[in-house]
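Working notes, beginning with the structure itself.
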Amino acid sequence: MGCKNLLGLGQQMLRRKVVDCSREESRLSRCLNTYDLVALGVGSTLGAGVYVLAGAVARENAGPAIVISFLIAALASVLAGLCYGEFGARVPKTGSAYLYSYVTVGELWAFITGWNLILSYIIGTSSVARAWSATFDELIGKPIGEFSRQHMALNAPGVLAQTPDIFAVIIIIILTGLLTLGVKESAMVNKIFTCINVLVLCFIVVSGFVKGSIKNWQLTEKNFSCNNNDTNVKYGEGGFMPFGFSGVLSGAATCFYAFVGFDCIATTGEEVKNPQKAIPVGIVASLLICFIAYFGVSAALTLMMPYFCLDIDSPLPGAFKHQGWEEAKYAVAIGSLCALSTSLLGSMFPMPRVIYAMAEDGLLFKFLAKINNRTKTPVIATVTSGAIAAVMAFLFELKDLVDLMSIGTLLAYSLVAACVLVLRYQPEQPNLVYQMARTTEELDRVDQNELVSASESQTGFLPVAEKFSLKSILSPKNVEPSKFSGLIVNISAGLLAALIITVCIVAVLGREALAEGTLWAVFVMTGSVLLCMLVTGIIWRQPESKTKLSFKVPFVPVLPVLSIFVNIYLMMQLDQGTWVRFAVWMLIGFTIYFGYGIWHSEEASLAAGQAKTPDSNLDQCK
């Protein structure tokens, strides 16, 4: 009896979401177009990083070769962006990576993904609000900070911030109110701020190339003079790549986080007029624009000023001052505030929508899924998430939580890539995701014979009898995916994830052992890499789904596997404290899921009700 109950619990945790076949039905307002999505993605991604991150990475990690670091980071981000793009075309519903996981790998993994996305967006909102407050305070002479230190100091070092940030709370309250008014209104404000930000960045790039000198990319150790009093700081060996290629890779790992934010586009599936095409285009276009901006600003910055003289906290004003053009700091300040505003809006925009999607599915408390009849926005979810973010911005220094935000985002990226890999090789399922990917015109052209054929394939009437053997794995006879080939891919994907984790652990924790040629490290690394290649080859040999989508990830399974590897490798770079905080957050989440979500899940209600026959499912999709 105990084994039976345990098996039933396992089936509950791995049940997959049945997606409604109707593309048009949505309780939210469909008012966004492709341009709105590009503006949202650029605004969310092209935030504070372009004004601060470039200086820190150039001085401490890569030097002028930061342009290559941004290129590598952009390529890694595009891998994740392509996977998001395919799922945006396949499942144009609100929920982003949470929904993608739900329809592919099951309820428990979906809850883990959604729970970590909520954490990432809340921390992102709080940290950017404090950065906006600090930037504005710096611009007007720091009166807000001085007042807080004199009258509102918090005596809890190591636990709370030195002073509460009232202005950050006010900013969050204003933007929360803006988001509750409606998507169209908030999208308009976002477009205005994004346009100003892009114009300022164009000014910076053009000025940098005009005022800069290529000699700053050809420096030697003899030029290390402006900071010669600081003997503890290392400036590398000069030249274009002063810290070597390892410094470029280290800089790329940091620059990767500058591209985080495009995933907010995927949360707008039920608010976009043509989601199957608009979401993939919005993701890829926003990443391309952001890369051009990062590349141009970092090149201009290192051309205007020697990399070892850059100010880590405010590199751009320092570079213009170095060129004798101190007045340009006001343009930089305006651009910085606009960038922080769009980044803040980009963090706040998807936050209530993920909560809404999870609450509507019954995994979070149902009242969070209520929609305002006039504005067609999830008002309660918006206000609740905004209140939590405001409290965190008011009380906490968020330096230690930045990595925690990254771990949640990287986990979501990894799961989306795994979902693309698995779903591409599964048999067609008209009552789930397959019909969701088809347009209305295509559905009209599908006749009953095609649907019956797909149904027979699902229920096991395969054109070729399949038995488990090495030949059936390496050289399958079926042209279309079957239950057997889908099972092979599922098992292979799980094994591949374990092997990639092993490779990343050895590469990060056993770096010195590998460098010294220690036998165990070399053996484990070599064996794991070879097995990864073998398993990837097995997946590649399986028949691929012929479902027509408006966008598909190219070079499957190689690109999703590369995306998973990059994301897990970056997760392994995070410190132990981050993993401990991650475990605490997950403990809270599991308490909610096993105490409430698993029993109130909409999929559980469907399973407890009448079981739908294949014929009824076909009728629903017709």
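Glycine too: its Cβ is placed from the backbone N, Cα and C atoms.
Quick caveat, the model's predicted, so the values are computed rather than measured.
The candidates are ASN229, ASN490; Swiss-Prot tags ASN229 with the feature N-linked glycosylation site.
Judged by Swiss-Prot topology annotation, ALA131 lies across the membrane from LEU474. SER616 is the residue among SER455, SER482, SER616 that Swiss-Prot describes as phosphoserine. Touching of the transmembrane segment (402-422) and the transmembrane segment (103-123) is concluded from the presence of at least three CB pairs under 8 A, sequence neighbours closer than 6 excluded. For the topological domain 'Extracellular' (301-330), the DSSP-based tally of helix, strand and coil residues reads 18 helix, 0 strand, 12 coil. In the predicted model, residues of the topological domain 'Cytoplasmic' (1-35) average a pLDDT of 64. Highlighted: of the candidate stretches 240-260, 281-300, 486-506, 486-506 has the greatest count of Cβ pairs under 8 Å to the transmembrane segment (553-573).
Here the listed stretches are 62-82, 163-183, 240-260, 378-398, and the one with the most C-beta pairs under 8 angstroms to the transmembrane segment (281-300) is 62-82.
Residues 40-48, 50-51, 96, 117-118, 121-122, 124-125, 128-129, 131-132, 135-136, 139, 171-172, 175-176, 178-179, 186, 189-190, 193-194, 196-197, 199-201, 203-204, 261, 263-264, 267, 316-317, 320, 382, 385-386, 389 of the same chain lie 6+ residues outside the transmembrane segment (331-351) yet bring a C-beta within less than 8 angstroms of a C-beta in it. Each residue in the topological domain 'Cytoplasmic' (261-280) gets a DSSP state, and the totals come to 13 helix, 1 strand, 6 coil.
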